[in-house]
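This report refers to the structure that appears directly beneath it.
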Amino acid sequence: MSSVLKAFERFTIEQELQDRGEEGSIPPETLKSAVKVFVINTPNPTTRYQMLNFCLRIICSQNARASHRVGALITLFSLPSAGMQNHIRLADRSPEAQIERCEIDGFEPGTYRLIPNARANLTANEIAAYALLADDLPPTINNGTPYVHADVEGQPCDEIEQFLDRCYSVLIQAWVMVCKCMTAYDQPAGSADRRFAKYQQQGRLEARYMLQPEAQRLIQTAIRKSLVVRQYLTFELQLARRQGLLSNRYYAMVGDIGKYIENSGLTAFFLTLKYALGTKWSPLSLAAFTGELTKLRSLMMLYRGLGEQARYLALLEAPQIMDFAPGGYPLIFSYAMGVGTVLDVQMRNYTYARPFLNGYYFQIGVETARRQQGTVDNRVADDLGLTPEQRTEVTQLVDRLARGRGAGIPGGPVNPFVPPVQQQQPAAVYEDIPALEESDDDGDEDGGAGFQNGVQLPAVRQGGQTDFRAQPLQDPIQAQLFMPLYPQVSNMPNNQNHQINRIGGLEHQDLLRYNENGDSQQDARGEHVNTFPNNPNQNAQLQVGDWDE
(Lines of atoms letter the chains of each structure in order from A and count residues from 1; the text may use other names and numbers.)
(Lines give C-alpha, C1' and ligand atoms only; values in the text may rest on other atoms or scores of the structure.)
Protein backbone atom coordinates (compact mmCIF):
# COMPACT_ATOMS: atom_id res chain seq x y z
CA MET A 1 0.00 0.00 0.00
CA SER A 2 2.82 2.39 0.80
CA SER A 3 4.26 1.90 -2.69
CA VAL A 4 0.94 2.97 -4.22
CA LEU A 5 0.88 6.13 -2.10
CA LYS A 6 4.45 6.98 -3.06
CA ALA A 7 3.63 6.41 -6.71
CA PHE A 8 0.61 8.71 -6.37
CA GLU A 9 2.77 11.43 -4.85
CA ARG A 10 5.33 11.16 -7.65
CA PHE A 11 2.55 11.15 -10.23
CA THR A 12 1.00 14.32 -8.81
CA ILE A 13 4.33 16.13 -8.82
CA GLU A 14 5.31 14.98 -12.31
CA GLN A 15 1.90 15.94 -13.64
CA GLU A 16 2.73 19.59 -12.97
CA LEU A 17 6.27 19.42 -14.36
CA GLN A 18 6.27 17.04 -17.31
CA ASP A 19 4.56 19.32 -19.86
CA ARG A 20 7.21 22.03 -19.74
CA GLY A 21 9.41 22.55 -22.75
CA GLU A 22 13.11 23.26 -22.74
CA GLU A 23 14.13 26.70 -21.53
CA GLY A 24 14.67 29.03 -24.47
CA SER A 25 12.94 26.78 -27.01
CA ILE A 26 11.57 28.66 -30.02
CA PRO A 27 7.79 28.37 -30.50
CA PRO A 28 6.32 27.72 -33.96
CA GLU A 29 6.52 30.94 -35.92
CA THR A 30 3.32 32.87 -36.60
CA LEU A 31 2.59 35.95 -38.65
CA LYS A 32 4.26 39.04 -37.21
CA SER A 33 3.27 42.66 -37.35
CA ALA A 34 5.84 45.26 -38.34
CA VAL A 35 6.49 47.73 -35.52
CA LYS A 36 8.42 50.92 -36.19
CA VAL A 37 10.44 52.08 -33.19
CA PHE A 38 12.06 55.51 -33.27
CA VAL A 39 15.70 55.89 -32.26
CA ILE A 40 17.45 59.13 -31.31
CA ASN A 41 21.22 58.89 -31.40
CA THR A 42 21.83 62.29 -29.84
CA PRO A 43 21.50 63.21 -26.14
CA ASN A 44 19.88 66.52 -27.12
CA PRO A 45 17.26 67.11 -24.36
CA THR A 46 15.03 69.23 -26.61
CA THR A 47 14.74 66.52 -29.25
CA ARG A 48 14.13 63.81 -26.67
CA TYR A 49 11.46 65.86 -24.91
CA GLN A 50 9.69 66.41 -28.24
CA MET A 51 9.88 62.67 -28.87
CA LEU A 52 8.39 62.04 -25.40
CA ASN A 53 5.38 64.24 -26.20
CA PHE A 54 5.13 62.78 -29.71
CA CYS A 55 4.92 59.22 -28.33
CA LEU A 56 2.26 60.22 -25.80
CA ARG A 57 0.18 61.74 -28.59
CA ILE A 58 0.51 58.65 -30.79
CA ILE A 59 -0.61 56.41 -27.91
CA CYS A 60 -3.63 58.64 -27.23
CA SER A 61 -4.52 59.19 -30.90
CA GLN A 62 -7.97 57.93 -31.75
CA ASN A 63 -7.01 56.67 -35.23
CA ALA A 64 -3.63 55.10 -34.46
CA ARG A 65 -3.26 51.40 -35.21
CA ALA A 66 -2.04 48.89 -32.65
CA SER A 67 1.41 48.74 -34.25
CA HIS A 68 1.71 52.53 -34.00
CA ARG A 69 0.97 52.42 -30.27
CA VAL A 70 3.34 49.51 -29.68
CA GLY A 71 6.19 51.35 -31.38
CA ALA A 72 5.41 54.53 -29.45
CA LEU A 73 5.39 52.64 -26.13
CA ILE A 74 8.73 50.93 -26.77
CA THR A 75 10.22 54.28 -27.82
CA LEU A 76 8.76 55.95 -24.72
CA PHE A 77 10.26 53.40 -22.32
CA SER A 78 13.64 53.60 -24.10
CA LEU A 79 14.03 57.40 -23.98
CA PRO A 80 16.12 57.53 -20.75
CA SER A 81 18.71 55.19 -22.28
CA ALA A 82 21.98 56.71 -23.48
CA GLY A 83 22.10 54.18 -26.34
CA MET A 84 18.55 53.65 -27.56
CA GLN A 85 19.77 51.52 -30.47
CA ASN A 86 21.12 48.86 -28.12
CA HIS A 87 18.37 49.17 -25.52
CA ILE A 88 15.61 48.48 -28.03
CA ARG A 89 17.24 45.13 -28.79
CA LEU A 90 15.38 43.85 -25.73
CA ALA A 91 12.21 44.00 -27.81
CA ASP A 92 13.83 41.89 -30.56
CA ARG A 93 13.54 38.84 -28.30
CA SER A 94 9.77 38.83 -28.66
CA PRO A 95 8.46 36.27 -31.18
CA GLU A 96 5.29 38.35 -31.60
CA ALA A 97 6.48 41.25 -33.81
CA GLN A 98 9.17 42.38 -36.23
CA ILE A 99 10.93 45.47 -34.85
CA GLU A 100 12.06 48.09 -37.38
CA ARG A 101 14.35 50.84 -36.07
CA CYS A 102 13.90 54.30 -37.54
CA GLU A 103 16.62 56.80 -36.69
CA ILE A 104 15.27 60.32 -36.20
CA ASP A 105 17.28 63.54 -36.29
CA GLY A 106 14.52 65.75 -34.89
CA PHE A 107 11.22 67.48 -35.66
CA GLU A 108 10.30 70.35 -37.92
CA PRO A 109 9.97 73.58 -35.88
CA GLY A 110 6.55 74.05 -34.29
CA THR A 111 5.19 70.70 -35.50
CA TYR A 112 5.41 66.98 -34.83
CA ARG A 113 6.59 66.22 -38.36
CA LEU A 114 9.56 63.86 -38.11
CA ILE A 115 12.94 64.60 -39.67
CA PRO A 116 14.28 61.12 -40.47
CA ASN A 117 17.90 60.15 -40.76
CA ALA A 118 19.16 59.09 -44.16
CA ARG A 119 19.22 55.47 -42.94
CA ALA A 120 15.62 55.56 -41.68
CA ASN A 121 13.12 53.46 -43.57
CA LEU A 122 10.38 56.09 -43.59
CA THR A 123 8.52 57.36 -46.65
CA ALA A 124 7.10 60.85 -47.02
CA ASN A 125 3.57 59.48 -46.71
CA GLU A 126 4.40 57.73 -43.44
CA ILE A 127 5.93 60.91 -42.04
CA ALA A 128 2.80 62.87 -42.97
CA ALA A 129 0.57 60.14 -41.48
CA TYR A 130 2.44 60.22 -38.17
CA ALA A 131 2.09 64.01 -38.04
CA LEU A 132 -1.68 63.72 -38.55
CA LEU A 133 -1.96 61.02 -35.87
CA ALA A 134 -0.10 63.21 -33.38
CA ASP A 135 -2.67 65.97 -33.86
CA ASP A 136 -5.69 63.62 -33.81
CA LEU A 137 -6.37 63.43 -30.08
CA PRO A 138 -9.81 62.17 -28.97
CA PRO A 139 -12.36 64.65 -27.55
CA THR A 140 -12.00 63.00 -24.13
CA ILE A 141 -8.51 64.54 -23.90
CA ASN A 142 -8.94 68.09 -22.62
CA ASN A 143 -7.07 71.16 -23.87
CA GLY A 144 -5.52 69.27 -26.79
CA THR A 145 -2.71 67.80 -24.66
CA PRO A 146 -2.26 64.59 -22.65
CA TYR A 147 -1.05 66.58 -19.63
CA VAL A 148 -3.26 68.02 -16.92
CA HIS A 149 -1.53 71.40 -17.30
CA ALA A 150 -1.98 72.70 -20.83
CA ASP A 151 1.28 74.67 -20.95
CA VAL A 152 3.61 71.78 -20.06
CA GLU A 153 3.99 70.47 -23.58
CA GLY A 154 5.27 73.76 -24.99
CA GLN A 155 7.78 74.52 -22.26
CA PRO A 156 11.45 74.66 -23.33
CA CYS A 157 13.71 71.80 -22.30
CA ASP A 158 17.38 72.58 -22.85
CA GLU A 159 18.98 70.72 -19.94
CA ILE A 160 19.47 67.01 -19.38
CA GLU A 161 18.23 67.35 -15.79
CA GLN A 162 14.99 68.96 -16.96
CA PHE A 163 14.38 66.22 -19.49
CA LEU A 164 15.06 63.43 -17.00
CA ASP A 165 12.71 64.92 -14.41
CA ARG A 166 9.91 65.18 -16.98
CA CYS A 167 10.65 61.81 -18.54
CA TYR A 168 10.75 59.99 -15.21
CA SER A 169 7.52 61.69 -14.11
CA VAL A 170 5.76 60.37 -17.23
CA LEU A 171 7.35 56.93 -17.15
CA ILE A 172 6.51 56.36 -13.50
CA GLN A 173 2.85 56.93 -14.33
CA ALA A 174 3.10 54.42 -17.17
CA TRP A 175 4.75 51.87 -14.87
CA VAL A 176 2.01 52.31 -12.27
CA MET A 177 -0.50 51.53 -15.01
CA VAL A 178 1.39 48.27 -15.64
CA CYS A 179 0.65 47.09 -12.08
CA LYS A 180 -3.02 46.41 -12.80
CA CYS A 181 -3.06 46.13 -16.58
CA MET A 182 -3.69 42.36 -16.45
CA THR A 183 -5.57 41.82 -13.18
CA ALA A 184 -7.75 44.88 -12.47
CA TYR A 185 -7.66 47.09 -15.52
CA ASP A 186 -11.39 47.88 -15.34
CA GLN A 187 -11.48 48.80 -11.65
CA PRO A 188 -11.35 52.31 -10.16
CA ALA A 189 -7.80 53.56 -9.79
CA GLY A 190 -7.72 54.00 -6.02
CA SER A 191 -4.48 52.08 -5.64
CA ALA A 192 -2.90 54.02 -8.52
CA ASP A 193 -3.71 57.33 -6.84
CA ARG A 194 -2.08 56.16 -3.62
CA ARG A 195 1.05 55.16 -5.50
CA PHE A 196 1.17 58.47 -7.31
CA ALA A 197 0.98 60.20 -3.93
CA LYS A 198 3.78 57.98 -2.63
CA TYR A 199 6.13 58.80 -5.49
CA GLN A 200 5.30 62.49 -5.28
CA GLN A 201 6.27 62.39 -1.63
CA GLN A 202 9.53 60.65 -2.55
CA GLY A 203 10.29 63.30 -5.17
CA ARG A 204 10.22 60.86 -8.08
CA LEU A 205 7.05 62.27 -9.61
CA GLU A 206 6.48 65.98 -10.17
CA ALA A 207 2.81 66.89 -9.95
CA ARG A 208 3.14 69.43 -12.76
CA TYR A 209 3.76 66.63 -15.26
CA MET A 210 0.77 64.51 -14.32
CA LEU A 211 -1.13 63.03 -17.24
CA GLN A 212 -4.87 63.24 -17.57
CA PRO A 213 -6.73 60.15 -16.28
CA GLU A 214 -7.95 59.42 -19.80
CA ALA A 215 -4.36 59.45 -21.09
CA GLN A 216 -3.33 57.09 -18.29
CA ARG A 217 -6.20 54.77 -19.19
CA LEU A 218 -5.20 54.74 -22.87
CA ILE A 219 -1.62 53.89 -21.92
CA GLN A 220 -2.84 51.03 -19.74
CA THR A 221 -5.10 49.73 -22.50
CA ALA A 222 -2.27 49.81 -25.04
CA ILE A 223 0.03 47.90 -22.66
CA ARG A 224 -2.67 45.35 -21.91
CA LYS A 225 -3.30 44.65 -25.60
CA SER A 226 0.36 44.27 -26.57
CA LEU A 227 2.27 41.15 -25.56
CA VAL A 228 5.38 42.62 -27.21
CA VAL A 229 5.37 45.59 -24.84
CA ARG A 230 4.77 43.41 -21.79
CA GLN A 231 7.59 41.07 -22.74
CA TYR A 232 9.84 44.11 -23.15
CA LEU A 233 8.78 45.42 -19.74
CA THR A 234 9.50 42.01 -18.20
CA PHE A 235 13.09 42.22 -19.40
CA GLU A 236 13.30 45.70 -17.89
CA LEU A 237 12.02 44.38 -14.55
CA GLN A 238 14.59 41.60 -14.58
CA LEU A 239 17.35 44.13 -15.29
CA ALA A 240 16.15 46.24 -12.38
CA ARG A 241 16.22 43.24 -10.02
CA ARG A 242 19.86 42.55 -10.89
CA GLN A 243 21.01 46.06 -10.01
CA GLY A 244 23.05 46.63 -6.88
CA LEU A 245 22.66 49.37 -4.33
CA LEU A 246 24.51 51.80 -6.59
CA SER A 247 22.01 52.11 -9.43
CA ASN A 248 20.67 54.94 -11.55
CA ARG A 249 17.39 56.67 -10.78
CA TYR A 250 15.43 54.95 -13.50
CA TYR A 251 16.19 51.35 -12.55
CA ALA A 252 15.82 52.16 -8.87
CA MET A 253 12.34 53.42 -9.71
CA VAL A 254 11.54 50.37 -11.87
CA GLY A 255 12.74 48.04 -9.13
CA ASP A 256 10.48 49.76 -6.62
CA ILE A 257 7.40 49.53 -8.84
CA GLY A 258 8.32 45.95 -9.72
CA LYS A 259 7.45 44.89 -6.17
CA TYR A 260 3.81 45.65 -6.99
CA ILE A 261 3.96 43.70 -10.25
CA GLU A 262 5.73 40.58 -9.03
CA ASN A 263 3.50 37.55 -8.37
CA SER A 264 0.34 39.35 -9.45
CA GLY A 265 -2.29 36.71 -10.15
CA LEU A 266 -0.77 34.41 -7.52
CA THR A 267 -2.13 36.07 -4.38
CA ALA A 268 -4.34 33.12 -3.40
CA PHE A 269 -1.43 30.69 -3.76
CA PHE A 270 0.96 32.71 -1.61
CA LEU A 271 -1.68 33.48 1.02
CA THR A 272 -2.41 29.76 1.26
CA LEU A 273 1.27 29.01 1.81
CA LYS A 274 1.55 31.80 4.37
CA TYR A 275 -1.46 31.00 6.54
CA ALA A 276 -1.78 27.23 6.06
CA LEU A 277 1.80 25.97 5.86
CA GLY A 278 3.54 28.90 7.52
CA THR A 279 1.61 28.60 10.79
CA LYS A 280 2.30 24.83 11.12
CA TRP A 281 -0.78 24.26 13.25
CA SER A 282 -2.28 20.86 14.00
CA PRO A 283 -5.21 20.88 11.50
CA LEU A 284 -2.67 20.33 8.73
CA SER A 285 -2.58 16.70 9.88
CA LEU A 286 -6.18 16.17 8.72
CA ALA A 287 -6.45 13.39 6.19
CA ALA A 288 -8.54 15.62 3.92
CA PHE A 289 -5.51 17.84 3.39
CA THR A 290 -3.13 15.06 2.35
CA GLY A 291 -3.79 15.22 -1.38
CA GLU A 292 -3.82 19.00 -1.48
CA LEU A 293 -0.55 19.22 0.44
CA THR A 294 1.02 17.11 -2.29
CA LYS A 295 -0.51 19.49 -4.83
CA LEU A 296 1.03 22.49 -3.06
CA ARG A 297 4.38 20.74 -2.97
CA SER A 298 4.27 20.20 -6.73
CA LEU A 299 3.26 23.83 -7.30
CA MET A 300 6.19 25.08 -5.23
CA MET A 301 8.52 22.90 -7.30
CA LEU A 302 6.91 24.23 -10.48
CA TYR A 303 7.37 27.82 -9.35
CA ARG A 304 11.04 27.22 -8.61
CA GLY A 305 11.48 25.44 -11.93
CA LEU A 306 10.06 28.37 -13.89
CA GLY A 307 13.00 30.45 -12.79
CA GLU A 308 13.19 34.22 -12.73
CA GLN A 309 10.19 34.75 -14.98
CA ALA A 310 7.86 32.96 -12.54
CA ARG A 311 7.23 36.32 -10.87
CA TYR A 312 5.66 37.71 -14.04
CA LEU A 313 3.33 34.92 -15.18
CA ALA A 314 0.33 37.25 -15.40
CA LEU A 315 2.27 39.91 -17.29
CA LEU A 316 3.52 37.32 -19.80
CA GLU A 317 0.13 35.59 -20.20
CA ALA A 318 1.85 32.33 -19.29
CA PRO A 319 -0.52 29.33 -19.23
CA GLN A 320 1.22 27.98 -16.11
CA ILE A 321 -0.63 30.55 -14.02
CA MET A 322 -3.74 28.39 -14.29
CA ASP A 323 -2.00 25.66 -12.29
CA PHE A 324 -1.81 27.98 -9.26
CA ALA A 325 -5.54 28.79 -9.16
CA PRO A 326 -7.01 27.98 -5.70
CA GLY A 327 -9.71 25.85 -7.28
CA GLY A 328 -7.09 23.09 -7.41
CA TYR A 329 -6.70 23.02 -3.61
CA PRO A 330 -10.06 24.29 -2.24
CA LEU A 331 -9.98 22.72 1.23
CA ILE A 332 -6.61 23.98 2.36
CA PHE A 333 -7.36 27.32 0.68
CA SER A 334 -10.55 27.60 2.76
CA TYR A 335 -8.64 26.74 5.92
CA ALA A 336 -5.93 29.31 5.13
CA MET A 337 -8.50 32.03 4.50
CA GLY A 338 -10.07 31.32 7.88
CA VAL A 339 -6.70 31.65 9.57
CA GLY A 340 -5.88 34.80 7.64
CA THR A 341 -9.10 36.61 8.53
CA VAL A 342 -8.18 36.32 12.21
CA LEU A 343 -4.47 37.08 11.99
CA ASP A 344 -4.40 39.81 9.33
CA VAL A 345 -6.73 42.80 9.37
CA GLN A 346 -6.12 43.40 5.65
CA MET A 347 -7.67 40.04 4.80
CA ARG A 348 -11.11 41.56 5.38
CA ASN A 349 -10.76 43.41 2.09
CA TYR A 350 -9.75 40.30 0.16
CA THR A 351 -12.55 38.59 -1.75
CA TYR A 352 -11.98 35.04 -0.58
CA ALA A 353 -15.66 34.04 -0.82
CA ARG A 354 -15.17 31.99 -3.98
CA PRO A 355 -17.76 29.47 -5.20
CA PHE A 356 -15.54 26.61 -4.02
CA LEU A 357 -14.92 28.01 -0.53
CA ASN A 358 -15.75 25.26 1.98
CA GLY A 359 -17.52 26.58 5.06
CA TYR A 360 -16.39 23.75 7.31
CA TYR A 361 -12.71 24.26 6.70
CA PHE A 362 -12.97 28.02 6.71
CA GLN A 363 -14.46 27.83 10.19
CA ILE A 364 -11.77 25.34 11.24
CA GLY A 365 -9.23 27.94 10.25
CA VAL A 366 -11.04 30.68 12.19
CA GLU A 367 -11.35 28.61 15.36
CA THR A 368 -7.78 27.31 15.11
CA ALA A 369 -6.37 30.81 14.74
CA ARG A 370 -8.39 32.07 17.70
CA ARG A 371 -7.15 29.27 19.93
CA GLN A 372 -3.59 29.00 18.67
CA GLN A 373 -2.60 32.63 18.26
CA GLY A 374 -1.45 32.73 21.87
CA THR A 375 0.72 29.62 21.65
CA VAL A 376 4.50 29.89 21.88
CA ASP A 377 6.95 28.43 19.38
CA ASN A 378 9.22 26.37 21.60
CA ARG A 379 12.21 26.61 19.28
CA VAL A 380 12.09 30.40 19.18
CA ALA A 381 11.43 30.51 22.92
CA ASP A 382 14.49 28.34 23.53
CA ASP A 383 16.60 30.66 21.38
CA LEU A 384 15.37 33.64 23.41
CA GLY A 385 15.97 31.80 26.68
CA LEU A 386 12.40 32.22 27.94
CA THR A 387 11.47 30.51 31.18
CA PRO A 388 8.22 28.51 31.50
CA GLU A 389 6.74 31.39 33.50
CA GLN A 390 7.54 33.88 30.74
CA ARG A 391 6.02 31.62 28.11
CA THR A 392 2.83 31.32 30.15
CA GLU A 393 2.75 35.08 30.63
CA VAL A 394 2.99 35.70 26.88
CA THR A 395 0.20 33.21 26.19
CA GLN A 396 -2.08 34.77 28.79
CA LEU A 397 -1.37 38.26 27.48
CA VAL A 398 -2.38 37.36 23.93
CA ASP A 399 -5.47 35.49 25.10
CA ARG A 400 -6.57 38.42 27.26
CA LEU A 401 -6.19 40.92 24.43
CA ALA A 402 -7.88 38.60 21.93
CA ARG A 403 -10.93 38.41 24.20
CA GLY A 404 -11.12 42.20 24.54
CA ARG A 405 -9.98 42.33 28.16
CA GLY A 406 -7.04 44.70 27.81
CA ALA A 407 -6.65 46.92 30.87
CA GLY A 408 -5.33 50.40 31.35
CA ILE A 409 -6.41 51.68 27.92
CA PRO A 410 -8.53 54.85 27.85
CA GLY A 411 -12.00 54.25 26.53
CA GLY A 412 -12.43 50.72 27.82
CA PRO A 413 -11.29 47.31 26.60
CA VAL A 414 -9.98 46.97 23.08
CA ASN A 415 -10.86 44.22 20.63
CA PRO A 416 -7.92 43.86 18.21
CA PHE A 417 -10.23 42.33 15.58
CA VAL A 418 -12.48 45.39 15.33
CA PRO A 419 -11.40 48.15 12.90
CA PRO A 420 -10.11 51.32 14.60
CA VAL A 421 -13.12 53.34 13.44
CA GLN A 422 -15.41 51.14 15.54
CA GLN A 423 -13.20 51.63 18.60
CA GLN A 424 -13.43 55.44 18.23
CA GLN A 425 -9.66 55.66 18.11
CA PRO A 426 -7.49 57.35 15.46
CA ALA A 427 -7.29 55.12 12.44
CA ALA A 428 -3.88 53.70 11.72
CA VAL A 429 -2.16 54.72 8.51
CA TYR A 430 -0.83 51.69 6.72
CA GLU A 431 1.97 51.89 4.20
CA ASP A 432 1.43 50.59 0.71
CA ILE A 433 2.38 46.93 1.13
CA PRO A 434 3.14 45.32 -2.22
CA ALA A 435 2.96 41.76 -0.89
CA LEU A 436 -0.76 42.10 -0.20
CA GLU A 437 -2.60 42.92 -3.36
CA GLU A 438 -6.17 42.98 -4.59
CA SER A 439 -8.29 39.90 -4.86
CA ASP A 440 -8.91 40.49 -8.55
CA ASP A 441 -5.84 38.54 -9.57
CA ASP A 442 -7.49 35.10 -9.55
CA GLY A 443 -10.87 36.04 -10.89
CA ASP A 444 -10.10 34.94 -14.44
CA GLU A 445 -8.55 31.65 -13.44
CA ASP A 446 -11.14 30.13 -11.15
CA GLY A 447 -14.36 32.02 -11.69
CA GLY A 448 -14.23 33.56 -8.24
CA ALA A 449 -15.89 36.77 -7.28
CA GLY A 450 -14.09 39.76 -8.71
CA PHE A 451 -12.55 42.60 -6.82
CA GLN A 452 -14.97 45.35 -5.93
CA ASN A 453 -14.72 48.84 -4.59
CA GLY A 454 -16.43 49.47 -1.31
CA VAL A 455 -19.91 50.93 -1.03
CA GLN A 456 -22.53 50.55 1.68
CA LEU A 457 -26.25 50.38 1.29
CA PRO A 458 -28.19 52.80 3.47
CA ALA A 459 -29.74 51.17 6.51
CA VAL A 460 -33.51 51.05 6.91
CA ARG A 461 -34.82 52.56 10.13
CA GLN A 462 -38.00 51.69 11.95
CA GLY A 463 -41.02 52.98 10.10
CA GLY A 464 -39.57 52.35 6.65
CA GLN A 465 -37.44 55.51 6.48
CA THR A 466 -34.01 55.22 4.96
CA ASP A 467 -31.12 56.36 7.11
CA PHE A 468 -28.41 57.92 4.92
CA ARG A 469 -26.08 58.58 7.82
CA ALA A 470 -22.71 56.83 7.90
CA GLN A 471 -23.19 53.24 9.03
CA PRO A 472 -20.50 51.30 10.91
CA LEU A 473 -18.89 48.54 8.90
CA GLN A 474 -19.89 45.02 9.83
CA ASP A 475 -16.85 43.17 11.11
CA PRO A 476 -16.75 39.71 9.45
CA ILE A 477 -14.53 38.32 12.19
CA GLN A 478 -16.80 39.55 14.96
CA ALA A 479 -19.80 38.14 13.12
CA GLN A 480 -18.10 34.73 13.03
CA LEU A 481 -17.15 34.74 16.73
CA PHE A 482 -19.75 32.19 17.87
CA MET A 483 -20.59 30.58 14.55
CA PRO A 484 -20.79 26.78 14.82
CA LEU A 485 -19.69 24.42 12.11
CA TYR A 486 -22.75 24.76 9.94
CA PRO A 487 -24.03 21.89 7.77
CA GLN A 488 -23.57 21.72 4.04
CA VAL A 489 -25.89 23.84 1.97
CA SER A 490 -27.16 20.84 0.03
CA ASN A 491 -28.73 19.41 3.21
CA MET A 492 -30.69 22.55 4.06
CA PRO A 493 -34.22 23.56 2.99
CA ASN A 494 -34.34 25.70 -0.12
CA ASN A 495 -35.57 28.79 1.70
CA GLN A 496 -32.52 28.69 3.96
CA ASN A 497 -29.82 27.95 1.38
CA HIS A 498 -29.10 31.60 0.74
CA GLN A 499 -28.40 32.17 4.45
CA ILE A 500 -25.54 29.69 4.68
CA ASN A 501 -21.89 30.23 3.75
CA ARG A 502 -22.22 34.03 3.74
CA ILE A 503 -19.23 35.56 5.43
CA GLY A 504 -19.67 39.00 6.93
CA GLY A 505 -23.36 39.20 5.95
CA LEU A 506 -26.34 40.40 7.98
CA GLU A 507 -25.65 41.26 11.59
CA HIS A 508 -27.19 38.18 13.24
CA GLN A 509 -27.75 35.96 10.26
CA ASP A 510 -24.38 34.20 10.41
CA LEU A 511 -24.88 33.47 14.10
CA LEU A 512 -28.11 31.51 13.68
CA ARG A 513 -28.53 27.79 13.88
CA TYR A 514 -31.38 26.17 11.92
CA ASN A 515 -32.94 22.77 12.29
CA GLU A 516 -34.37 20.61 9.57
CA ASN A 517 -37.96 20.96 10.82
CA GLY A 518 -38.03 24.70 10.26
CA ASP A 519 -38.36 25.54 13.95
CA SER A 520 -37.75 28.98 15.36
CA GLN A 521 -34.28 30.41 15.01
CA GLN A 522 -31.69 30.06 17.74
CA ASP A 523 -28.43 31.84 18.12
CA ALA A 524 -25.12 30.15 18.89
CA ARG A 525 -25.91 30.16 22.61
CA GLY A 526 -29.27 28.43 22.13
CA GLU A 527 -31.37 31.57 22.74
CA HIS A 528 -34.34 32.48 20.59
CA VAL A 529 -33.67 35.76 18.86
CA ASN A 530 -35.40 38.17 16.57
CA THR A 531 -33.07 38.62 13.65
CA PHE A 532 -34.42 41.99 12.57
CA PRO A 533 -36.17 43.63 15.53
CA ASN A 534 -36.77 46.93 13.77
CA ASN A 535 -37.73 45.93 10.28
CA PRO A 536 -38.12 42.41 8.84
CA ASN A 537 -37.20 43.75 5.41
CA GLN A 538 -33.95 45.31 6.53
CA ASN A 539 -31.32 45.47 3.77
CA ALA A 540 -27.96 43.84 4.10
CA GLN A 541 -24.86 45.94 4.53
CA LEU A 542 -22.18 44.95 2.14
CA GLN A 543 -18.55 45.03 3.16
CA VAL A 544 -16.30 45.25 0.18
CA GLY A 545 -13.18 47.24 -0.27
CA ASP A 546 -9.74 47.71 -1.72
CA TRP A 547 -7.01 45.20 -1.04
CA ASP A 548 -4.03 47.51 -1.26
CA GLU A 549 -3.85 49.04 2.16
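Residue positions begin at 1 at the first shown residue.
A Cβ is built for glycine as well, from the same backbone N, Cα and C atoms used for every other residue.
Predicted, not measured: the structure shown is a model, and the values here were computed from it.
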Can you tell which of LYS180, LYS274 Swiss-Prot lists as binding RNA with ARG195, TYR260, TYR350, ARG354?
LYS180
Other CB atoms, at most 10 A from the CB of ARG195 (RNA binding site)
23
Taking the Cβ of TYR260 (RNA binding site) as centre, how many other Cβ atoms lie within 10 Å?
21
